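What follows is one structure encoded as structure tokens, with my remarks underneath.
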């Protein structure tokens, strides 16, 4: 009944008490109600409370809320994740055309769940029926190829061939040719270029990758030229000029004359064409020095063509050191093909196997490579050609990686094991462009040699996982838990082959990892450091904190983050290094290469003077200038308990004032007689004297104290008639206004520190005078001289004598001081309640607010205080005499 009426509270009450098994039914009924109202997120909570995540999943599937469905499946129903993805794919791929983003979302759901085979198939299943833009369709198929290369290498060639065939059927010949070329199907790639008469691309393909196809290209060029010469003379001229004949007997005849002419700088017109033929002839005979020297005289375009061809062939035969020397001798032209070749050469050089990596000739070639890349970066930044910034940044990245490898090799030779370890750890940031197994092996080897066993264990463990993934051809089972929060990439392509080709070498690493895993003294985690900003524990080599996103500068020598106060820097190119690391390199005479245009230059230490010449601007200060800065050095720290205890003096004084005003009102209402109030005065005086004299041990003489009290009482008794009639001529409104003002003035100016500190003399003169004046004004409104006498006497005890009592009590016993405050609060609340309940509540609330809330508020506000102190120079100007 309650469920039918949607009275959920009573329904739940009955279910919990009478039938606990039906509690889930109540939750489900509420969830279905929210489903009807299209509020699926609220319904999800009730389904989960009922223990029915499958119902929440069904609701999301029915509403086509795929992201929420995947989230529920991942968290609560992982066995249904594939079913959800299939349902999403069916929904997306059914019907008419879709947007590219919708199709990508459906495919990426497979990637997110690491179902890469299904993701590849999903991308390939997209056709012109779903997306009409052929360019976007080509991009989606390219994503399938990229995924296949990373996660399903066994299908790579077949997938690329299928995509290329589809593009060929769509008349996208250039794109199809690129895909055929990537899987070494050069005949098919050449067919694509020839079908659209793309002679330049066909020539490049044949020269760089398939010289055996040059005769076929020449026949196609001749057929095209002679077949269309009558109708397109301009085109004929273009085709013939692009045709490069092979090295036959006609070219060889008279080559000595052409060589002499070429060495002199070449010729014009027909002489230029014959010079190109001579270059091809030298190339066929392997005389590359003549080819490149003469090509350089022909111009950058000619040099780029033959340099690319020469270095590409050297790379194919794993002669990277010779290729690097060739680039160093002739330079790298600012040509797109030359840049492509350079990137491939650098990647193959730095991504080489173990045998080549340990080769002395290879290590000697790295500094030459760094110099070439550094000059190339300089040329790219100063040339007039419009190269994309992304391309320049990629070359700079390769320069930085090559630089780190050069530092690593030099440090290894110099025996700087800590430097080698740090550089190897920094190189892990580049596993997306270099073989991952190589980088983790190098990092593990270097840290193990340095005895950083925890780091070595993690790196070697990752290396072994990569070896297994390479053998299986599947990287989906790699565990990235150890590298969360680091800047080491997760997403990278598996290498085609092992860095360590010998199984015995890999087995030695496996045995070492097993041995370390049994050592309880080695913590199996990466080294950590504290973030300079948020103080969180982060990976030691991380350049950005994963918590607060604070980025750190990297050392140009090690790649590790450096603190500002420990750096040295180059005044020209602005690169920085850790001072201690730099000193080690200087002592070992290591040759350093910066990533910009100049080498790292260490400046002399800055001094805070102007009378001596220094290589700094006059307004320069170094990072150590603020080392002595102190923040909030003089700010007193407070704790909440101490603040509340200090507020007890304020509580006592407010309560005393309220008791004083309540007694006055009781006298006006004839509720208190003069005799009773006099007895109270005597009782308070006796109790106060007893506590001070006997309990707290103050040296008070009883006879002197009694004599002073009797003298004061006699004087006050004589003045009582005068005080009663003193302000009779004033209106009551004036008196009440003055009393209110003077009461507030008393509370504001009272010397609370006299009670809390326990030292010093009472300085609340204004407060005391305001209180006595208040008592005199109120006494003038009483009916008898006896009432005036006992009322003013009470005022003297409360405002003049009670602060002394408070101070001595707090000095001897904090607990008694707080007990007194609580007693006064209770008494004032009881007395004011007799007069007005509202007044009692307001007064009590105000006192509690001051005692407990205001200290908390004060401490919160104090957190914003920012007082900065430091060794600031104060300039004192002295006029010249």
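Backbone N, Cα and C atoms are what each Cβ position is placed from, and that goes for glycine too.
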Matching range for TrEMBL feature annotation, transmembrane segment, among 735-755, 861-881: 735-755
Stated TrEMBL location of region 'Disordered', expressed as one of 224-249, 250-275, 276-301: 250-275
Feature transmembrane segment in TrEMBL, mapped to one of the ranges 650-670, 671-691: 671-691
Intrachain residues whose Cβ lies under 8 Å of the transmembrane segment (841-859), provided they are six or more past its termini: 638, 640, 643-644, 646-648, 650-651, 654-655, 658, 825, 828-829, 832
Folded-back contacts onto the transmembrane segment (788-805), same chain, C-beta under 8 angstroms, at least six residues removed: 656, 659-660, 663-664, 667, 674, 677-678, 680-681, 684-685, 688, 691-692, 712-713, 716-717, 720-721, 723-724, 746, 751, 754-755, 762, 764, 768, 771-772, 774-776, 778-779, 782
Tertiary contacts of the transmembrane segment (817-835) (same chain, 6+ residues out, Cβ under 8 Å): 645, 648-649, 651-652, 654-656, 658-659, 662-663, 665-666, 806, 809-810, 843-844, 847
